[in-house]
Amino acid sequence: MQDLAQEDSAKPEDAKPNESPKKNPVCSYNEWDPLEEVIVGRVEGACVPPFTVEVKANTYEKNWSFFVKNGGKPFPNEHMRKAVEEVEEFCNILKHEGVNVRRPEPVNWSEVYKTPWFESPGLYASMPRDILLVVGDEIIECPMAWRTRFFEYRAYRSLIKEYFQEGANWTTAPKPTMADELYDQEYPMRSVEDRHKLAAEGKFVTTEFEPCFDAADFMRAGRDIFAQRSQVTNFMGIEWMRRHLEPKGYNVHTISFKDPNPMHIDATFNIIGPGLVLSNPDRPCHQIDMFKKAGWTIVHPPTPEMPDGHPLWMSSKWLSMNVLMIDPKRVVCDSNEVATQKMFEKLGIKTIKVNLRHANSLGGGFHCWTCDVRRRGGLESYL
């Protein structure tokens, strides 16, 4: 016992007085500071979601038969094989650019699970941007709103535990039951015209029964965080985030767009630098004057060049603007989108061209497929 006591008392004296504190593994305040570490999603194990009311409200009519026929099954094998190759190459390019790349664990998402309120297979761990939101040194697990995504956190849990053990703050938002009351079971959507009408009336497939939100409906710009009410993020969810973050010095702003099917803000309004934002010309922001008065530069990206025949089961062609900033002067963008590349070049931003077309079919571009865990920079105000 005496030896142990002596050993313990010696520890403070043995510590190096000039040793700098350990760097927090999680720290990111915006979408553009120099990127040091990122989580990139996985294709493996992805499962077609069943054609439920919330899936119907977030997808296009031309794809509905695909979900009816294939719900609960793996996505087409050859398409996924090509997607895996693309994502692996994306990871290699990020590493070449000096970014540390982390991956979620593989999971078989076709296994059916049951809660007291519903039964469902899973979806995937392809889009970490949807489930994880990093604000400063805190990583927030967001609850999401699709029943197929209820247990998606499983793929990321070991990573998040590691970050927590190394000093990061970890918050899990309230998990919704996803009971029938969370969804408008009679959501009257039969056509694109219906979508426009319902969106204009502020009606969505998710109700205000309980908080729900996807991380991808929030866009960070230092002390100001912008959120949209969408098919997967309700006002209760935004209010939860506001009450959680505002005591820490952040302002959570609710903004909206002329969008017939809002789901995730980053293919509509993507902030790529201090006071610099890509604003979808097809989905104008109703609050754009707020940004203009603050002196922001509003850039309207060119029309996407995605071929009509390419399958996009859960997204639009505007993934062309769903880019990932490596730093204010480097951007990862689609190697097929020549007009978008020229837009960045005119802005003085170097393009790192990557092909992600088959991976796009799962519903996301470079921003969606990633979660920036650590960027080099501090907390500032830009509004």
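Cβ atoms here come from the backbone N, Cα and C positions, even for glycine.
Marked as active site by TrEMBL: Asp214, His264. Under the heading active site, amidino-cysteine intermediate, TrEMBL lists Cys368. If you look up TrEMBL, you'll see 8-22 marked as compositional bias 'Basic and acidic residues'. Annotation source TrEMBL lists region 'Disordered' at 1-27.
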> Can you tell me how far the Cα of His264 (active site) sits from the Cα of Cys368 (active site, amidino-cysteine intermediate), in Å?
Replying inline: 9
> Cys368 (active site, amidino-cysteine intermediate) to Asp214 (active site): how many Å between their Cα atoms?
Replying inline: 11
>> Taking 10 A as the limit, how many CB atoms besides its own sit near the CB of His264 (active site)?
In response: 27
>> Below 8 Å Cβ to Cβ and six or more residues apart, same chain only. Which residues does that give for Asp214 (active site)?
In response: Asp130, Ile131, Cys142, Met144, Ala145, Ser230, Val232, Thr233, Met263, His264
> Taking the Cβ of Cys368 (active site, amidino-cysteine intermediate) as the centre, how many other Cβ atoms fall within a 10 Å radius?
Replying inline: 26
